[in-house]
Amino acid sequence: MLGWSITGQIRAGGWSPLVSDRYQWLEVDLGRRTQITAVATQGRYGSSDWLTAYLLMFSDTGHNWRQHRQEDSLGAFPGNSNADTVVQYKLEQPVIARFLRLIPLDWNPSGRIGLRLEIYGCRYTSSVASFDGSRSSLVYRLSVRASWTVMETISLKFKTLKNSGTLLHAEGQRDHSLTLVLEKGKLLLYHLQGVSSSSGGQLLVSLGSLLDDQHWHHVKLERLSTHLNLTVDKNTLQVQIPSHGLQKPILSNRNFHGCLENLLYSDINLIDLAKHGSSQVAIVGNVTFSCAEPVSVAVTFTDSHSFLQLPGLTSWSTGLVSVMLQFRTWNKGGLLLTFGLPQQDGTVFLYLSQARLRLQISKAGRSSLDLSAGSGLNDGQWHYVELSFKNDHLSITVDKDEGATAHISISVPLTSDSQLFFGGKNTYFFPFSGCPTGESAQKCKNPFNTFQGCMRLLNLDDQTVDLIKVQQRLLGNYSHLQIDMCGIIDRCSPSHCEHGGICTQSWSTFHCNCSNSGYRGATCHSSIYEQSCEAYKHKGNMSGHYYIDVDGSGPIKPQLIYCNMTEDKTWMVIQHNNTELTRVQSSAERNQHFAYFDYSSEEEQLVAVISQSEHCEQELSYHCRKSRLSNTLEGAPFSWWVGGAGPGQSQTSWGGALTGTQQCGCSLQDSCLDPSHDCNCDADYDQWTEDSGLLTHKETLPVRSLVLGDIHRPGSEAAYRVGPLRCHGDKNFWNAAFFDKETSYLHFPTFQGELNADISFLFKTTSSSGVFLENLGIKDFIRIELSSSTEVVFSFDVGNGPLDVRVKTSLPLNDSRWHRVQAERNVKEASLRVDNFPAATHEAPTDGLMHLQLNSQLFIGGTASRQKGFLGCIRSLQLNGVTLDLEKRAKITPGVLPGCPGHCSSYGSLCQNEGRCEEKANGFSCDCGQSAYTGAFCHKEVSATFKSTTSITYILKEPFELSRNSSGLPSSIYSDITLRGENISLSFSTNQSPALLLYVSSFYREYLILLINKNGEDSQIAFSLGCLLLINDFINVADGRLHTVIVRRLADIVSVQVNTNTREIFLTLSYRRGFIYLPPFPSPCCVFLPLDSEPDGLDAEMAELASLGFTGCLSGVHFNSISPLKAALLHPDSPVIVTSPLVQSSCGSSSPANTYAAETTHSLSGTGMDPGQPLVNTIRSDSALIGGVIAVVIFVTLSALAVMARFICSRKETYRNQEVKAAQPEDSNEFPFSGQPDSPSAPSENQKEYFI
């Protein structure tokens, strides 16, 4: 049967309405419910009339229409481009309906609406039962006791107008039961222990939304072993429940009011059994086998232009007025109803504000009354509203008994001429709104947001408004309404918010709150944390606790892990509940001792960390006294441990031994106490010994439990220790490929990122353009490319047309440094990030297509056409958290090389305090050999506390060593080797004044001294070269605070800097090899010089000052390439002499260099809280060490300056003249040791022969 619009007609060659506008439709009655699979359209024959876009509606009754959507998002279907071509659309899922309605949206602009329509489908049969909501139900009992089966299934369809009711109650063995309950339009599955009640219990899962829409919804319940799958329409969730077969009755519909269809238990149709009077199914209450559907006409207010206008009633002249309606919406605000009060020159507004119902009466442009009632009315549920005026009494009621009522005494006169506007009104049409005369119409606009949502059951004085007459233009007026349907959509069910993000929504969109989730983006998809400690290190982070997200945007949660950044490796340290040495006493009552280890990380996190690390290890130590590990090589061992993924496997090899052997580490070294045994403890000596070592086989880690067996004998004792799991190296972070030809590329399987796609990688290149990545579909595609030296473009098409997201950078990207690209596309937006430059985003259309459908191979570094290929390196390429193995594919691909060297250009700036960047195959390291600091980035200060009796003497090569090593040189060369300059730096804190900080002497009795000089009430830095004394009088330095001193001499210019204050002086100086001496200056009998005598030229005042020593803290002591304090504290094998105990401490200084550098831009990050900042920094001794180093450096520097000043006044003029001539021609910004007077070269080995 063919139906059509009441305003249209069937013309020759097809259907064409009399008026071409968006209020026309073509309706088809198929005579019975039919399974519809496809729809085909064609223009009207021999005309210019065809549709270019249309909507499809379906219904069982000819009322309560439901709009069909593609991908649950796009409502419009593409039409025709001419009158003859047939365009067919196959439905993704067949639709079961009797009525189909096609609504034109757009048509040929040079013609009119015209259509030929064909519908494809087949007959549909079903068994239906109707329940009245009292106590009607069907009870099914199995005829025999069911045996346990692998899978049990219950499926059904239901439709209802009620938002609550029990659909299903199933009881199993041991009083376990499942209950399926409809609550506020959602389906809840409960598990109960006991059968005394069909309500309550443990909520297993909630699924579905807005299920009280009087449309059929499909439900399926499957038990698979220990899991339960619940499917509602197209969405499925899995939960784990106690596994028991369904043995007892299935009770359904205890309070359900609506219809069920095709209720199946496995393959048994329970409605058919009940319909045919089977004894297995009992009918309780009023159950009918047809679906009687009440007619409820709803209206949808779609946008800001939607309104419904209804005329007043003649009965209102009596002063009794009642307006009732039901509404549902997601918006917190919106105008529900407004009408004018012509007799009072006012207007009444009934509206939502902050999800509360408010009533406002405005007279003469001013608000004279404001009432409110209800709360949380934007939950998508139907809410009842009644507005009544009676005997000068006004009241508003929300949700009757469950809601609230507000009332006030006021007169609100209405007449039959009054007009009611629901949902909004014409922009400027405010009858009797009280706008002052002469006021512009602009100020009389609607002051409230228009309502977006659904209304139904509109009643005026208990008379239901016939909305079908409104649709037929026989009553009132309307605009932009969808009548006889409720088009509300729950955009949060299922939620597109990932990783625990909280979904909230309005009528047209949704929002994800990602707070405290550890993820970011429109759908909380991308992790804010790095995937390894290696990644944190290469952002410039120090040792500390960090959140690690091993799979990025994948399902594994972030975990808190300690990152130990050492100079050569970056360790991830995962603790467990017992890393201490634990003693086990012998006991005759038990034969074994069990120890279990619970790790701070979850199972999947542990597995992922071990898998992506290059190396993992765990210490396993067993201390024993008459407690054996093994019985014999052939027999069962006394003790063993369990390790590996999941529950783990038993292991009998102990620390240091090969996996799979019943041995210990001593057997590999042939060092066991008893050569006849493979473990020290197996010697069974009555004395303490141990078998300790590292477990390094990743497949056996981590250690999960320990079983100790030989502990029951008298005198048996044992102790064990299982250290934390330690891993270093990130195989994903350094996985790279080098593309050396534009025609080269790597290919991988099709990228699967239909709804959410995130892509991240690092690249470096000298080329200005090239395609990083491309994947094509029939129409869809995704591509990321370098379009110019300062622009990266992320392009894609999901069916809505191509879109580009571009990031322009202020710095060139083809600088052969590593740059990071992060692209994400989801149902809300697409975003692109490049390094730390501002991100670019592009919002997705509200009702557009969402699924990215690709079918070709994924190309990396090029395209299928071999054009616009990328030249350079791509590293750490991850798609949705999964790393592509570029190196493995590159090994077998011509034109592509695995790996990519050269990292210091990008990360070298992380090395601080004169640390030198060294290249590694995977990454870099900082060589701190020439720095006074230590640590992964040469950032840790080396500092110590000095007492008046503490001193350090650093001895350089003596003259006879030089002669021995340079026998081929002329005998005069030693006397000609001079120091062209000094570079001295140190930090100190002290309250002592005066005090000697640093003393440097040469073998030719030349010296310099850096000291704190007493000048009246202040104490100042003094730099002495013999009799010349340079005083920096800017600040008082003996105040217990940390001060930094830097002394530089180049030829005849000396500069002294104290903190930020600098003083410079010109002088003439020659300088010889000698020693650097830290306080106090020794008496003549203890001077460390080639000759055992007091240095020439040291006056009595200086000698007295030196005898006072130094009390305080020194750190960062550096003299040219020598760090004496660092050598004394960390390298005791160096030529250092220390008098009195040297206490390592912290002076409280920090490295002046950058502590958190961006990965590729080499700039400081923001000062706010950053996920890269350590949460807990456990290395506190580093700052103490640095403080001591700085203090020593200050001492050395000040002493050196003093010695140099003294030397100028007292040394021979011949030396002075000769060395000035040699030094003056040199123009250099460095301070090198010079092997010859005219040599500008860098320091050599021979140039370091001094005593310090």
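Placed from the backbone N, Cα and C atoms, the Cβ positions cover glycine too.
No curator has checked TrEMBL annotations; they are predicted automatically.
Database features (TrEMBL):
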- 1236-1245: compositional bias 'Polar residues' (COMPBIAS)
- Cys873-Cys900: disulfide bond (DISULFID)
- 1-122: domain 'F5/8 type C' (DOMAIN)
- 128-291: domain 'Laminin G' (DOMAIN)
- 297-486: domain 'Laminin G' (DOMAIN)
- 488-525: domain 'EGF-like' (DOMAIN)
- 524-576: domain 'Fibrinogen C-terminal' (DOMAIN)
- 735-900: domain 'Laminin G' (DOMAIN)
- 901-939: domain 'EGF-like' (DOMAIN)
- 944-1147: domain 'Laminin G' (DOMAIN)
- 1218-1252: region 'Disordered' (REGION)
- 1184-1208: transmembrane segment (TRANSMEM)
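At the 8 Å Cβ threshold, with sequence separation of at least 6, the domain 'Laminin G' (128-291) lacks contact with the domain 'EGF-like' (901-939), having fewer than 3 such pairs. Looking only at the domain 'F5/8 type C' (1-122), the predicted model's pLDDT averages out at 86. Assigned with DSSP, the residues of the domain 'F5/8 type C' (1-122) fall into helix, strand and coil as follows: 0 helix, 70 strand, 52 coil. Shown for the domain 'Fibrinogen C-terminal' (524-576): DSSP residue counts in helix, strand and coil, namely 5 helix, 21 strand, 27 coil. Shown for the domain 'EGF-like' (901-939): DSSP residue counts in helix, strand and coil, namely 7 helix, 11 strand, 21 coil.
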